[in-house]
Structures are given as structure tokens and as C-alpha cells.
Amino acid sequence: MAAENVLVLVVLVAAAAGAAAWRRLAPGSFWFCVGFPVRWAWVFATWPKVAAGCKLSRKRNRLRWSLEVVPLVSTSASTSYTQRRKVRTVAVDKAPRFGLPRPTSLGWRVGVRLHDGQVPADYQAAAERLAHAWGVHSVRVLPDKPGRVVLVVNRVDPLTDVTASPETGELLTVRPGMLETGMPWIMDLKVMPHWLNAGATQSGKSTLVNAIIRGLAPQPIALVGFDLKGGVELTPYAPRLSALATTRAGSVRLLDGLVSILEDRMTLCRTAGARNVWQLPEEIRPVPVVVLVDEVAELFLMADKSEKDEVAKTATGLLRVAQLGRAFAVYLIVSGQRIGSDLGPGVTALRSQLSGRVCHRVNDPETANMTLGDLDPAALDAARAIPAETPGVAIVAGQDGTWSRARTVLITEDEAEHAAKTFAHLTPAWSDLIRSLTGPRATVDDPAVHPPRAA
Ligand SMILES: Nc1ncnc2c1ncn2[C@@H]1O[C@H](COP(=O)(O)OP(=O)(O)OP(=O)(O)O)[C@@H](O)[C@H]1O
């Protein structure tokens, strides 16, 4: 008997050691084969209790056997009792029903059927409680079809260490980082032409711009910059910039140039019977232009009334570029710490044209509101919850109202500068960009907006 016990013990120890080694050496397959089934069995078994604790259950009347105490004999001195079984209606907690769970490398996804009267917001409100009850990093609630939500559960934060190359090899597409789902974060300017990149100081805005420059530099496109903080942010990338404005007057001239490029492309498309430049034959298709604006507030701030005209011209120019850019391949990436309405109506109008939104950690609720406020309120809460210790983490939202937590890959200024120098030979000259494609034009090539070319 003792020998059998020892044998069982040895087998158990060997199995535990094998499982530990498997988990260490191949955590992915261990999770799918062992970790997830065990975890799900526990989640399923404790769901009624967890759902009741998170106030997601509903009371339902059910027939139950119950024991009833009935007096039998009663004398003046004592009463004796007996118990009788009886079926009666009792109110019980009924947890919402799960669909079939699907394991993912980061956790699992499972559909949940809503009880009558419930809405997805009830589950969003309970998401944090669910995460604590299940001991996981986060629970995201995605609306599915009517009457159903999908819970996306992440055991760990996939954004603690992001490694990705911003280059995708596809025109006007970059991969600036990773989404919370573990999927790459893809920024495709052909689909989402204009982006707003907001965040407090040290939140990761410049790193995102670095990643975009790193991803776009090897592509056959033109990059143009506006940097009214004296050019300190964008000047290092001058070799890959076709033009850079560092003063207000320079900005007005550069915007004039961009608007004339757009008008010219419009005429070209009209003459060729095309709705946009992508319908033009490749030989005459103009080069796409990506416009990087650093600290947009600087373009709208007025020191005194004398600047009023220039600010108005800048606002109109930017708005025109945003409105016409999609069809004529001029794309805007606007960064800023503050995008509040106090900067004037021009900012609000511009914001409505920037359908791609990236909201890093923000200091003032108004900037978060301006960046994400017209989307899902849960996105706003998620942006406000970004801690200062995780620069580069942002809420990324698109036109369709969907949003995601994401983190930029850390591309330093040196790396972006190196890319700008390496691919400097791909930089179209500003004079070539503004040379009329359709006939003589009054716009002249203004050297004031040219960046100093690095040797
Ligand atoms: N994805 C990331 N991973 C790790 N560190 C990051 C990431 N993004 C940014 N950082 C770090 O955070 C710091 C601030 O980043 P960054 O300069 O991009 O912020 P910013 O919003 O542009 O700040 P400012 O407005 O002051 O220029 C930098 O030291 C950078 O290295």
C-alpha cells in the first residue's frame, strides 16, 4: 500500500513539474490547452455569484421544494412540530447567459445575452468589478447585436512592452504601435485621411509623430511641416520635409501653397473625369502630401489684434485642406496639448474634419472632450484613466465610433531623424509640388517656407 502511495506521489510531482516546465517554455500553448479550460471552468462555476455581486443578475420566480415547519400537537405545556415538504414560488438570482467562450492569446472573449431591460452601458459600468472578480487586467465591453454584448477579457496588459515596426510596406499606411487586443494598430491615411493627436506634455505625442515619420519616410510621398514652436520639433526631420513653416507668416504662405496644390489637383481630376486622384492613371497621379502640424494651438493664438488676419487666414486654410484633402491626397496629422474651444471657432470646425482621433493622457477634461467627446462616453472615461507612468498609451478612435486603448512603439527622435536622412533622396522639392499640373498659376515658390536642407 505504501509503495502505491509513493508511486501516486511521484506521478503527481512529475505531472506538476511537467506542467510548470510547459508553462514556462511554451506559455501560449499551455494557456490554450490547460490554463484557459481551468480558468473558464472557475469563471463559469462562480458566475452566478459574480453576476449578483456586480448587479447584473435579475430576480426570477422559480418553483422550489421547501421545508415547512408545521405544529403537530399542542398542549398547554408544549408544542411539537414536524417538517413538511412543499412546492412554492421563490425569487432567485438569475445570472445572464454566456455564449460559447473563445480563448485568445491574451485571455478570452465571450458573448453575454442581456436580461430584459439591460443595456450595454450596464456592463460597461460593471467592467472594472468583473475584472477584479476574475483577477484579470481588464474587461472591455463591446456592443454586439441587439440584446447581446461581448466581453473581451485580457489577463495581462499587452501594452506594457510594445515592439512593432512602423513600416508596413503599404502606401500611406503606418503601424505606429499596438492595440489593447494585441492586434497591430494600423493607421491607413487612405481610409482615415486626417488625424488629431492630443495629449498633455510628456504624454507621447511626439513619439507618435516620430513613428509616423519613421513609417512614411521610405514611401513615395511628400511630407510638409508646421512647427510654430520655433521649429524645434520638426527641424531635425527637415531632410525628408518638402517644406516647413516655423513662423506665422510662413504658415500662411505654406497653407496658400497647399490650397493651390489642392485646387490644381481638383482641376486635373475634373479634366480627366475622375472623382479623386486615385482614379487618375498612375502616370499623371500627383504625389500624396502628408501635412504634420505640431502644437496646433500656436497657429490659433493671438498676441495682439494685428495677428487677427493671419490667424483667420490660417484657420480657413487648414479647414480647406481638411475638407478637400481626402479626395486630392493631402492628409493632415494635427498634434496639440490643448484643442479647446477657447482657441476660437476655427479649432472646433477643424476638429470636426479630423475623423481619426488619438487621445493621450490629458490634463484638462475639455481637451479629452474635444478629442473624444463626440464618440462613446466610455472612451472619454478610458482616456481620463490613462496614468502618467505609461507615456505613449492613448485612446484611438475612428469614424465608425469604435475605439481602442493602444500604445505607440517607442521611436526616438534620433531614429526618426535617421530615417529622415536615409530617405532624404525621396523628398519631392516644394517647387515641383506646387508646379501647376494644369496650366499657369500665380502662386510662386516662396523660399521662406523651405527647410534648411541638411548636407
Ligand atoms: N510608447 C512609449 N513607450 C515608452 N516610453 C514612451 C512612449 N512614448 C513616449 N515615451 C516617453 O515619454 C516621454 C515623453 O514623450 P513625448 O516627448 O513623445 O511626449 P510629448 O507629449 O510630445 O511631450 P511634449 O508635449 O512635452 O513635447 C519621452 O521620454 C518618451 O521616451
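Cβ from N, Cα, C; glycine included.
Unlike curated entries, TrEMBL annotations are predicted automatically.
Here the structure is a predicted model, which means the values were calculated and not measured.
Look at Gly204 (ATP binding site): DSSP puts it in coil. Cβ neighbours within 10 Å of Gly204 (ATP binding site), excluding its own Cβ and spanning all shown chains: 25. The ATP binding site annotation in TrEMBL covers Gly199, Ala200, Thr201, Gln202, Ser203, Gly204, Lys205, Ser206.
Residues belonging to the domain 'FtsK' (182-369) score a mean pLDDT of 91 in the model. Annotated domain 'FtsK' per TrEMBL: 182-369, in sequence order.
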List of residues, in chain order, with Cβ under 8 A from that of Lys205 (ATP binding site) and at least 6 apart: Asn197, Ala198, Gly199, Ser335, Gly336, Gln337, His360
Any further residue of that chain within 8 Å (Cβ to the Cβ centroid of Gly199, Ala200, Thr201, Gln202, Ser203, Gly204, Lys205, Ser206) of the recorded ATP site: Gln337, His360, Arg361, Pro391
Neighbour count (Cβ, 10 Å) for Ala200 (ATP binding site): 19
Ser206 (ATP binding site), number of other Cβ atoms within 10 Å: 21
For Thr201 (ATP binding site), nearby residues of its own chain (Cβ under 8 Å, 6 or more apart in sequence): Gln337
